[in-house]
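Note sheet for the following structure.
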Amino acid sequence: MVRIDFRPFGLNPPHTHPRATEILVVLEGTLFVGFVTSSSGNRLITKTLNQGDVFVFPEGLIHFQKNTGRTRAVALAGMSSQNSGVIMIPSTIFGSNPAIPDDILSQAFQADKRVVNILRAPYRPRIGEVTDSEEQL
């Protein structure tokens with residue numbers, strides 16, 4: 001289990017747990033949550049949750065949570081596995097090391113390479129930061 005504290009309008013970005021189903025209980029505040037189905041046309045399933053509400057994110061599906069309120073929100077999440085794994089979609093795609101080539105992302109997202117670079121910018125290593133490929137053993 002994990003406690004998640006959301007600042008006002010805070011977001012837990014799209015991510016997936018490849019080895020676990022997640023159950024979320026809202027303790028305080030209001031959350032807008034959702035997941036994308038994998039077998040029925042990538043359908044987005046969403047719900048606005050208030051204190052005491054519960055929501056289940058099926059194993060392996062991309063999902064998110066966003067605090068829609070001006071005050072903090074608090075939730076508890078439990079996983080069906082001790083080794084649930086987590087893949088954060090934005091940072092995995094735009095922050096890979098080495099980077100996925102621009103032409104691949106441009107074609108995959110049907111976006112101009114300038115847009116890809118804008119999306120990638122927050123995930124680039126900072127000057128002086130050691131990247132995985134530069135780490136010494």
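Cβ atoms are placed via backbone N, Cα and C, with glycine included.
Caution: TrEMBL annotation is automatic and unverified by curators.
Here is what TrEMBL says about this protein:
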DOMAIN    1-117  domain 'Cupin type-1'
BINDING   Asn12, His17, Glu22  oxalate binding site
BINDING   His15, His17, Glu22, His63  Mn(2+) binding site
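Structure coloured by features recorded in TrEMBL.
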residue	record	Cβ within 10 Å
Asn12	oxalate binding site	18
His15	Mn(2+) binding site	19
His17	oxalate binding site	23
Glu22	oxalate binding site	24
His63	Mn(2+) binding site	23
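Looking at Asn12 (oxalate binding site) and His63 (Mn(2+) binding site), their Cα atoms lie 9 Å from each other. His15 (Mn(2+) binding site) sits 12 Å from Glu22 (oxalate binding site), taking the CA atoms of both as reference points. The DSSP breakdown of the domain 'Cupin type-1' (1-117), given as helix, strand and coil counts, is 19 helix, 48 strand, 50 coil. The two recorded residues Glu22 (oxalate binding site) and His63 (Mn(2+) binding site) have their Cα atoms spaced 10 Å from each other.
When averaged over the domain 'Cupin type-1' (1-117), pLDDT in the model lands at 96.
A separation of roughly 9 Å, to the nearest angstrom, links the Cα atoms of His17 (oxalate binding site) and His63 (Mn(2+) binding site).
Neighbours of the Mn(2+) site: apart from His15, His17, Glu22, His63, residues of the same chain with C-beta atoms within 8 angstroms of the site's C-beta centroid are Thr16, Ala20, Phe35, Phe57, Leu61, Ile62, Ser84, Val86.
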